[in-house]
């Protein structure tokens, strides 16, 4: 079973509390999502592969370590996942970025996939799927399904807020996928929203309804 890690760093929890507030503006919400994603990256990227590289200091030549950035991919689930990309890219700017587009059918609460655009060598990359919310788990499961159909095998899911129902569903569907979240909330309501949650992350990121 993949691990579930709730990142309880004080800075992340402080910013997440502001993010949840109803009166947080679109501008502030967007900035906070970016900042939290970057802060989460410290733990999410802890086990990145390293490679030897020869460099020259002012004193001598030496072999040191660097991240094998060409073997990473960040894949946001559109549209809300876009808000988390830059925060992680600021830490690993050489990573490639793919996109998986989905929307939720408001009657069935099931995700519908409308776009998959990935690096050609996605099967050779360590992949970080990002989406602010892990609610029912439907979108996350479908995204991982799409990646595995294309040969991907090393996949991590990163979100800001999660529900126990979504975590359970993703773990059961894909037990090899690690989950990183900033908060594990109480439950889902009848409309499939996380409680207490933070509302619709996509609408709050882009100022839509």
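Here the Cβ of each residue, glycine as well, is placed from N, Cα and C on the backbone.
Marked as 5-phospho-alpha-D-ribose 1-diphosphate binding site by Swiss-Prot: 79, 104, 131, 132, 133, 134, 135, 136, 137, 138, 139, 200. The uracil binding site annotation in Swiss-Prot covers 194, 199, 200, 201.
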Completion exercise
Per DSSP (helix/strand/coil reduction), residue 194 (uracil binding site) sits in strand
Fill in the blank from the handout: Sequence-ordered list of residues in the chain of residue 139 (5-phospho-alpha-D-ribose 1-diphosphate binding site) that lie 6 or more positions away and have a Cβ within less than 8 Å of its Cβ, or none, is 77, 102, 104, 111, 131
Fill in the blank from the handout: For residue 133 (5-phospho-alpha-D-ribose 1-diphosphate binding site), the three-state DSSP class is strand
Exercise for the section: May I have the list of same-chain residues other than 194, 199, 200, 201 whose Cβ is within 8 Å of the Cβ centroid of the recorded uracil site, in sequence order? Expected result: 132, 133, 161, 193, 197, 198, 202, 203, 204
Completion exercise
Expressed in Å to no decimal places, the gap between the Cα atoms of residue 200 (uracil binding site) and residue 133 (5-phospho-alpha-D-ribose 1-diphosphate binding site) is 9
Handout entry: Distance [Cα-Cα, Å, rounded] between residue 199 (uracil binding site) and residue 133 (5-phospho-alpha-D-ribose 1-diphosphate binding site)
Key = 10
Exercise for the section: Mind computing the max CA-CA distance among 79, 104, 131, 132, 133, 134, 135, 136, 137, 138, 139, 200, which the record assigns to 5-phospho-alpha-D-ribose 1-diphosphate binding, rounded to whole Å? Expected result: 17
Exercise for the section: Could you find out if DSSP has residue 201 (uracil binding site) as helix, strand or coil? Expected result: helix
Practice task
Select the most exposed residue of 131, 200, where exposure means the fewest other Cβ atoms within 10 Å, treating these as the binding-site residues.
Solution key: 200
Fill in the blank from the handout: Per DSSP (three-state), residue 79 (5-phospho-alpha-D-ribose 1-diphosphate binding site) is coil
Exercise for the section: Counting other Cβ atoms within 10 Å, pick out the least crowded of the binding-site residues 137, 199. Expected result: 199
